[in-house]
Each structure stands twice: as structure tokens, then as C-alpha cells.
């Protein structure tokens, strides 16, 4: 048998082994791992390319390790059966052997350890009131997350909360921010997952990670699994996609079905900027699909106000409304960038000032200095380097600072981007 034939046979056998392993058909899995390893060793013997040899060696080590664990497990299981038989005959013998599941438990512990970092221990401290607009989305999440925990008696006799919610919309509209609010308000175990947490270079490990994730969520319910950029894990099927990608998708489908069968307690919360690329079967598992649109004028005004926060400013509510009118088509992220640029203007005024004047600060009850025009009657010539830093009073933000920032910062989305989301909402979604 030629080297390419040996390698293809080895890959075919190891895929069968992994399928049996995932299905917990351990005797068959062990047998196929052994056969696959024989063919891998033959391929290694005839392979001339050093790089290819190294790849094959790493695979041999991985599958050999798994086969050894299965061997220990199967031997211990046989010992337990024999032990039970001896007990039934009145001959009890002590044993120092590990428990039957110890070999497999060590593998599960390793996977769980990799997922532990995804559990949010410290809450993000984002409240519903910190999010401007998106009232429909907030109400849907409260209905799904908070009410079943606070009023469990209402969710019986066929009344069940949603087990899958998809948040979709253009980038920067607040999908991840909503998830942070859920994590803060829910008081549930919160798993924050990205593709890097679940994708492994080792064959078969990615789907085992997915399975362990859902098992951990069920054990620690009420729990929420938040998957950001879920399209990177569960995109539409195509001829060109990898076997690994197909396996991850299949495992997600199986586990999300399992969530539904396992009654309430586990919510899968997905977020994506490109919902039309999701696999249709995955899309169906998200029973509630909520569009997170660009903010309206009222929400934009509130965003300006929230982003300015406690920074000293002269802006009025009317100024915030005026800025909202000027930023039609801006996302929440765009507005955040506008504010970040605007609040640097007082710093720039200090940095470029050639004249300062003395002012009395009521808060500290002392005289400070602040930048001013050279024509100011109280002005004295100086740069910020010649002034005691502790004596400089920060100039207040003005609406002109924001006008300047809006001119510099352009929206990141165009009409074509919005149209795609609008069409998807007509076909599959609901307004947020």
C-alpha cells in the first residue's frame, strides 16, 4: 500500500473512531483508534517530507493518548463486572484500581478547565438604564431571563421562556452591551464564548468542547451561554467547508435541541452582524430573533448624554437633541467615537494655550488658572508647562467641541448594509 493510501485509510479510520467515541461506543472507538494508529505508523514509515512527518507524529501522539485512556476505562469496567460477580458468589476482594470513569473524567476535566475562563465571575456592571433605546430587545430579554428566575410559578403548564435568542444588526449597535446587561441583571451563571474558545486544532476536540459547555451550563443553571459572532461557528453549509466546521455545527444543533428537552434554565444568546450567513438549521434553533437597529434620534441624544457622563460641560438637553439630529445614520459605536474626540478638545485647548487667566473654583475654594483668549482683559502670557499642573482648571465642554468632532467622524455604515438587515428582518426577524 502506498503512503497516500495509508494516510487516507488512517484518516478514514480515525474519523470512525471519533464518531464512536462521541457516541460513547467506547469498545468500537478503541478498536478503530488501534487500526488507525497502525496505518498512521505505516504512513510515517514511508513519508519523506519532514514537515509532514511532524504532523503525523503529533496526530499519533494525540490518538495514542486517547486510545490509552479508553483502554484503562474498558479494563476497569471489566474489572468492576468481575468484582460484582465475585461479590455475588460471596468472594469480596479489595482493589486499588481507579474508578471506572477516571480515565475519561481526566479528559473532561481538561476540556472544562479550558472553558472555565469563559465564565464571568465579576459582573460587567452594565444596567438596563445604561442602554439607550432598544426597548423591545430589553423587554424580550427581561421576559426570557429575569421573569423565569423571579416568578418561576408562572412558567408551568406549557408556558415556557425562550431557550434561544439571536441578537442581530449592524456593528456597533449594542448587541454585546445588551449581553453585558443580561449578565449583570440576571444573577445567573454567564458563559461568554467566542470561536477561539471552542475551535481546537485537534480532531474531535472542538465538538467535545461544545458538549462540555452545554453540560456545564445545565449543571449550573440558571445559566446563559452568550456566543458572540456566532456566524464564525455556525455559517451556512457549503461544499468548501471543512470537516471540523461541519462537526462543530452538528454538535451545536444536537446540544441546542437538548436545551429544549432539558426544560428551562439554560438560555443560548447569540449575536451576529451578518445573520443571513447563518445555517438555516441553526437559525431555527434561535426561536426569538431580534433586530438591533441603528439608534433613533431620542436614543442618540441619550447616548451623547450617557457618554459625556460627569465630564464638566455647558451642554443642555437641547444641545443633545441638536447633536442627535446631526448624527442620523450613526451607530452607538460611532457616537461613542464622536464623544471621545469631543472630550479631548478641552485638553487640546490647554495644550495649545498661549494665555491663561485666574478663576475662583468654588469646589476647592481656591484660585486656579484656565486657558483664555489673548484678548481677555485678565489674560497673562504662559504655556501649560509654566503653570503648576494642580492649579489648572479643566475648561468645560461646549457644543462647538461636538460640532468639530461630528465633522471629523463619519458613520461606518452605508445604506446597503442597512438594507440587508431590513430584508432579513422582514423574512425572519423582529424589530428590537
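Every residue gets a Cβ built from N, Cα and C, even glycine.
Sequence annotations record features per position, and here Swiss-Prot assigns ATP binding site to 169, 170, 171, 172, 173, 174, 175, 176. Per Swiss-Prot, the feature compositional bias 'Polar residues' maps to 83-100. Feature annotation from Swiss-Prot assigns domain 'MIT' to 3-80. The region 'Disordered' annotation in Swiss-Prot covers 83-103.
The Cβ of residue 171 (ATP binding site) lies under 8 Å from the Cβ of 273, 331, 333, 412, 413, each of these being in the same chain and 6 or more residues away along the sequence. Sequence-distant contacts (6 or more apart, same chain, Cβ under 8 Å) of residue 175 (ATP binding site) comprise 167, 168, 169, 228, 271, 292. Burial estimate for the binding-site residues (173, 176): highest at 173, by number of other CB atoms within 10 Å. The 10 Å shell around the Cβ of residue 174 (ATP binding site) contains 26 further Cβ atoms across the protein chains shown.
Between the candidate binding-site residues, 169, 170, 172, the densest Cβ environment within 10 Å is the one around 169. When secondary structure is read from DSSP and collapsed to three states, residue 176 (ATP binding site) falls in the helix class. DSSP labels the residues of the domain 'MIT' (3-80) in these numbers: 72 helix, 0 strand, 6 coil. The record gives 169, 170, 171, 172, 173, 174, 175, 176 for ATP. Within 8 Å of the mean position of their Cβ atoms, the other Cβ atoms in that chain belong to 273, 292, 331, 332, 333.
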